[in-house]
Amino acid sequence: MDPSQHNPPVGHQIVHVRGDSETDLEALFNAVMNPKGAVVPQSVPMRMRKLPDSFFKPPEPKSHSRQASTDAGSGGVLTPHHVRAHSSPASLQLGAVSGGSLSGMASAGASPQHLRQSSYEIPDDVPLPPGWEMAKTSSGQRYFLNHIDQTTTWQDPRKALLQLNQATPPSTVPVQQQNLLSPASGPLPEGWEQAITPEGEIYYINHKNKTTSWLDPRLETRYALNQQRITQSAPVKQGGPLPPNPHGGVMGGNNQMRLQQMEKERIRLKQQELLRQSQRPQIDLQPSTANQDAEHCDELALRNQLPTSMDQDGSSNPVSSPMAQDARTMTANSNDPFLNSVSSGTYHSRDESTDSGLSMSSYSVPRTPDDFLNSVDEMDTGDPLAPSMATQPSRFPDYLDTIPGTDVDLGTLEGESMAVEGEELMPSLQEALSSDILNDMESVLAATKIDKESFLTWL
């Protein structure tokens, strides 16, 4: 036969049609539907084949790793286990269960167990849990009564206990089962005795208190020791209890130092806040009459001392030496309680400053003293003056000349300008300023930037 006939030309395909295709397909169906009737060709027996002798003999266990290896293709060393071998009642280890203890099922062997192992039925001689009773229907089917919950069920409660013991650690088992599965080792404490109920449950008798308990006293002692060890290892700090430190004493010391630093910082901030609050003007603490009397006394003392300081200095500069003397005199004055707190040395002159555009040569923007503003408010509102202040209008121009930054007369504007060299800011205003005066001061300060050639105009 020409081999060129088997190779079709390019682009052509050859289709072969067999005449016996239907019969061959029917034979396949018959072989599947009737396997016994199908003709199976006999194969050569294993003994008749040319196989080595080692194929029929299991390997002997030897110390060499390759000769004793289990991946050589033979499993003679391992006993085969069917995956559903544990589903038959015959393979159930009844010896460990019938003794009253369910702990034997937890160690039923190292062989793998199928998930459907609960398909077997536990024999009737295995005791039920406390409070359960088994009964049978008229057809012979078993059911279980729970006298505790007063319910009935088809499920065997013993199966649930067996699965629970095998699947979960003993810590989640009830207390009675925990005592059975993992009893504490060691002798019982003094005055305790272990006993067993007729059902096989273990309980403990305390002869000192004449009480019984399901709990093992050895477990309670261990729990108390663990709690004491935890409380001793936990660092003691201020501000409440903290969890024990798992990193040791080094981290505990670092945390303690950090907490101490935070506590010191908080105390320092609190002291600064209290000091700042004590430096604010206390307007509502005293009656208005007492404030007026104190202001009048301060004003008289200032008037008596300002001309004397100017004469002693012998200089006509109203900025440097008279104002320094004025500040020292006002600080030494004991009539104002706020000035006494300033003289303690804890007052900072720039705490309440609202501007930052000035040079560092001046502490803050100088302003008109409190006593003058109070007396101007009284004159503007038409309030009568005290009898001791009858000579006040005649002394105002001399008094105002000694104040830096202002050259104000009542109704007159002087032509000469004075240099603004700020000294100590006046501590506080004893009376609240009117909104008009504050608006005028803000407009002048914003427009002139406190230039040396500027002066304030009072309208």
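From the backbone N, Cα and C atoms, a Cβ is placed for every residue, glycine too.
Since the structure is predicted, the reported quantities are computational estimates derived from the model, not experimental observations.
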According to Swiss-Prot, region 'Disordered' applies to one of these ranges: 103-129, 157-183, 184-210. Which one is it?
103-129
Reduced to three DSSP states, the domain 'WW 2' (186-219) has 3 helix, 13 strand, 18 coil
Average model confidence [pLDDT] within the region 'Transactivation domain' (247-459)
57
For the domain 'WW 1' (126-159), jot down how many residues DSSP puts in helix, in strand and in coil.
3 helix, 13 strand, 18 coil
